[in-house]
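*Asks:* Reproduced below are the annotations present in TrEMBL:
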DOMAIN    A:22-374  domain 'Luciferase-like'
BINDING   A:Asp52, A:Thr88, A:Tyr142, A:Ser212  FMN binding site
2 protein chains.
Amino acid sequence: MHLNLFIMGCGHHKAAWREPNSAVERMGDIRYYESLARTAERGKLDAVFFADGHAAGNVAGGPQWFLEPLTALSAMARATDHIGLISTISSTFFSPFHAARMLASLDHISNGRMGWNLVTSMFDSEARNHGWEAMPSQHIRYARAEEFAHTVLALWDSWADDALRCDRQGQFADPSKVQPIGHHGEHFLVDGPLTVPRSPQGHPVLFQAGASEPGRNLAARYAEAIYAVAYDLPSAQAYYQDIQARVRAAGRAPVAIMPGLVTYVASTEAAAKAQQRELDERLPTEDSLHQLSQFIGQDCRHWELDAPLPELPPLEAFAGPKGRYATILRIIESEAPTLRQLLGRLAAGGGHCTMVGTPEQIADKMQHWVEGGGADGFNLMPPTLPGSIDDFIDQVVPLLQARGLFRREYTGSTLRDHLGLSRPAA
Amino acid sequence: MHLNLFIMGCGHHKAAWREPNSAVERMGDIRYYESLARTAERGKLDAVFFADGHAAGNVAGGPQWFLEPLTALSAMARATDHIGLISTISSTFFSPFHAARMLASLDHISNGRMGWNLVTSMFDSEARNHGWEAMPSQHIRYARAEEFAHTVLALWDSWADDALRCDRQGQFADPSKVQPIGHHGEHFLVDGPLTVPRSPQGHPVLFQAGASEPGRNLAARYAEAIYAVAYDLPSAQAYYQDIQARVRAAGRAPVAIMPGLVTYVASTEAAAKAQQRELDERLPTEDSLHQLSQFIGQDCRHWELDAPLPELPPLEAFAGPKGRYATILRIIESEAPTLRQLLGRLAAGGGHCTMVGTPEQIADKMQHWVEGGGADGFNLMPPTLPGSIDDFIDQVVPLLQARGLFRREYTGSTLRDHLGLSRPAA
């Protein structure tokens, strides 16, 4: 089983920062993030992971973005020895040369522990920070993402593994082993070679998350591990089977699929539920309505709280992130909740799988998902940080280890080692 | 007096990596750079500084680029407590949103120790890694640089100093204190606000280096400190007076001007000269010819070594970096050297001021430059690293301290404190 810690502000619950002992004053303090990375390493997790966004958003409702991920991860690399470090990279806003260069540099700095989560950005407010009046179409964004991945990988291959000679009487590097890539595509012109010699992993590990049709296809062709959104096991299984079929069709070996997982752990189920309820109650309705408005791409702040929801447009008609929207449609279809009830379901993790209970109950469910073909591991989204991740690592990880489902010690030194991925040839 | 350590590979001398004890095998090892930053901090220097380039160049001749500066400086920030950290940022290839965001993030990570050296890039080989077939004209590059500086500063002002509330019953941040910038210019469209709350320094310190007419004007309007190229005191004085006059004309207070300085220090002048000669002799003629070809923008690899140089085009006709080219013209005019003699002059630091001698002699000359109105300090360009910077810090800095010319201890905690710059209001 593979486990990543998805770091987000004071935790994934929108009210996490409102807890009396939250670290909200430390959002700009790198030592907070270093400490979370060390906690993840104490739990022998595969990696820590940062999402990313390019617009400030609703700054009143809680911390969302603060430190930039690549600069934060460099410091976190130096505060740890084993844990992998994954940054989201927007193919919409980054240039492949900058991305390839920074990720390769971080792979050197971390001695082979970097990964990247390749995304397409989606919001007009972000586009307007990067030169566009509005987002380009989904078609263009995915075409650009594919060309982006291709170009970044080519840049990482522009230095052979044995290019460096360090021959004091001769050459620093063998020029015949440092070759341009000559990429002249539709979205990018990049001659290469990169300015950074080939890094310890060759390629930092490529994560991808995509629920839309082009997102799934991109993942099938390029991803080495996949983040998923799955509210329940059947939807996880359906996603898993669909993706692995596309991966096979692309002629590739199966890739690790890691759904997001929100956990509330306590010594009794009742105590865990109370933990969740207490946190839910801290969230002003206004904030949850704002969050739901973002998730469904329309303003629901004036809808009736205790009435059933108005009918939402079908998945095909929704232009935003598909996975979460599909989950919301699924909840509405299966449970016909009132607006207030739906807000409760979405308060932490926004529709990702939520497990609430004793350590044994949670370990059981995780095992059930993995053995049931719904997941190869999880992208942990603790409702509060560091509280919920401490609980998980101290109480759930030992059970997973005792069952032989999770490593007791790191057996390799790179993120590729942790994920069982081979090092790509240049 | 202000002193920065300009970190470059194994040292600024093109043959530094060929020394038997050079750190050439450690160019990708972040601990090497951390150790240099700690050395600079031991010497109470103002800052360490990275240049930057976007094309791999002649990889046979020695290490030039390796780690990417922003990611490297984040790690170096965590290995030190006081020293400032300055990254070159290309306004030609970066977008203002990315740059503002990463620098603000690093200013948080370093607790207020970041600076940036705003440059325009110049080589077609670099342009072809960033979407252009060739470099845009100097006019366009400088117009873009000016708009870039304006936009980055505006983004840093998009969060008021007191925007963060962290009020658990209310707002995380006060939205009325987080404002868009609505920049719709000729080169950039950036709505803002930034995703990063205002950083400890407000604005990371803006360095600039420019010898051309538009470069000097840009520096006069925006720079808070300036890197200069000056081969001798008269040229330093001329540059100093010209820049401060432009700064005054722009209605601003005088800025610190720091010429590059190459030093060979030993207990006797003869020993220092022997050090320099030994290093010069390690440089294959082929490499020095390659370097000179870059400096003068034409291929001189087949010129006669022991003959006087052919006439070079005047400064106005040269499209590359003006400061160094002006120095080369000045050396040719005043000394009429053969090609071989010129290569010797340029081997370390490429035309920057070079001081060779005992600690006393070097301290005398530095004092003479500062008291003679040629400099407010220096951008140290050690021929070898860490050798030459250790020599400088152990032997020259104590003399400068004893003469009251340089700090004995840090008296503040930010790079602005070190440079005596006030914190800008938002």
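Every residue gets a Cβ built from N, Cα and C, even glycine.
Caution: TrEMBL annotation is automatic and unverified by curators.
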*Asks:* Using a Cβ-Cβ cut-off under 8 angstroms and a sequence gap of six or more, which residues of the chain neighbour A:Tyr142 (FMN binding site)?
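*Replies:* Looking at Cβ-Cβ distances below 8 Å from A:Tyr142 (FMN binding site), excluding near sequence neighbours, one finds A:Thr120, A:Pro214, A:Gly215, A:Leu218.
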*Asks:* Determine the mean pLDDT over the domain 'Luciferase-like' (A:22-374), rounding to the nearest whole number.
*Replies:* 94
*Asks:* Just to be sure I understand the packing, how many Cβ atoms besides its own are within 10 Å of the Cβ of A:Asp52 (FMN binding site)?
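*Replies:* Total other Cβ atoms inside 10 Å, all chains included: 19.
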*Asks:* When DSSP is mapped onto helix/strand/coil, what comes out for A:Asp52 (FMN binding site)?
*Replies:* coil
*Asks:* Roughly how wide, in whole Å, is the group A:Asp52, A:Thr88, A:Tyr142, A:Ser212 that binds FMN, by largest Cα to Cα distance?
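*Replies:* With A:Asp52, A:Thr88, A:Tyr142, A:Ser212 as the binding residues for FMN, the largest Cα distance is 19 Å.
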*Asks:* Taking the Cβ of A:Ser212 (FMN binding site) as reference, which residues of that chain separated by at least 6 in sequence fall under 8 Å from it?
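*Replies:* Listed in sequence order, they are A:Gln138, A:Lys322.
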*Asks:* Could you check what DSSP calls A:Ser212 (FMN binding site) once collapsed to helix, strand or coil?
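*Replies:* A:Ser212 (FMN binding site) sits in coil per DSSP, no helix or strand.
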*Asks:* On the three-state reduction of DSSP, what should I expect for A:Thr88 (FMN binding site)?
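*Replies:* Where A:Thr88 (FMN binding site) sits, the three-state DSSP reduction gives strand.
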*Asks:* Does anything in the same chain, at least 6 positions from A:Thr88 (FMN binding site), have a Cβ under 8 Å from its Cβ, and if so what?
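*Replies:* A:Phe49, A:Phe50, A:Ala51, A:Asp52, A:Pro69, A:Trp116, A:Asn117, A:Val119 - these are the non-local Cβ neighbours of A:Thr88 (FMN binding site), listed in sequence order.
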